[in-house]
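Since the structure comes first, as structure tokens, the remarks are kept for the end.
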């Protein structure tokens, strides 16, 4: 008998591919903006301006993430994921063709809007088309694709940095061109993945939900459990509600997420996703080329390669974390990750504070490089997957989209403030 992959697995993988875009941007933006060709095109700028360029996608991403839950609840997760992917592709295209630094930042702002629409929505969609017994693994897939995009972003930049001379703009324009192509291509997931059956039930479209549940390849018990969540007609969403009415409903849904039955879960989801940023992970990922250069790898290409190796290390740690996501508790991974991350950050911070990191001598630089690798492994193995999975799994259907949006918003707001 031929082995057949259940459709919910294939649909989850296809949907998760959109998360690759977020990883690709994270992995490439730090490298792109430190290329000599980028500075030859736009001129020299301070470290503060560099930080603003890199993080400029985060505020619009945080704002649209706030709306993503309600919009997904109204228009469907697959629709919102595709719109976000197209928006990301348009923003990346503007980056690629930008004649001035201001236009480049505009592209990043638009890119951030797209990321805010799809990143938390992907996790909810994958969760809602997966059976409970493997939901941990399935909801870990987007994080695996984010990490894969991170690796691709670093090594694409390493490859393009070798094209032409150091002042050729193709070296920095090609990565956003690739990102634009991927964003526009992955928007087609709308046409090849089914809508969430839970979303169909919330719309009162029970017959369509039955068809999708059967199509996903769930067993009989799982189908019955899922279909039992059908809302009574008076609670189903009104299909005639306008877009602006839907937007205004967003804030009511946020209030509902913080109402007494759900308040503690929503607040804790926002807290732990915010703590991801306090760990410093995005600072490490965005500024990896600078960190490695400061640690003694003065060659631009060596710095890119070292950053890419750190991305490979993250990918290697993400694979077992994904496969065993359902075998260890979220509590254990959260505590263990916190201890490891804190220890490694203290080691690196102490070395810099004591002026023991020199680019040409001393053991301090090598301790920093090793600590960056260990930091990336520890985060990817614990907090990266465990926190996001908990946020999606622990929320009831009525508040899952809005609470996930609030949690993602808290993540990005803190990222923009502290990176």
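Glycine too: its Cβ is placed from the backbone N, Cα and C atoms.
Predicted automatically and left uncurated, TrEMBL annotations should be read as such.
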Among ranges 176-193, 194-211, 212-229, whichever one TrEMBL labels transmembrane segment: 176-193
Of the residue ranges 117-136, 137-156, 237-256, the one that TrEMBL records as transmembrane segment: 137-156
Contact between the transmembrane segment (7-29) and the transmembrane segment (332-354) (3 or more Cβ pairs under 8 Å, separation 6+): no
Intrachain neighbours beyond the transmembrane segment (366-391), with Cβ under 8 angstroms and 6 or more residues off its ends: 123, 136, 139-140, 142-143, 147, 269, 272-273, 275-276, 279-281, 284, 288, 291-292, 295-297, 306, 309-310, 313-314, 316-318, 320-322, 325, 330, 333-334, 336-338, 340-341, 344-345, 347-348, 351-352, 357, 403-404, 407
Distal contacts, the transmembrane segment (332-354) - CB-CB under 8 A, six or more residues away: 272, 279-280, 364, 367-368, 371-372, 374-375, 378-379, 381-383, 385-387
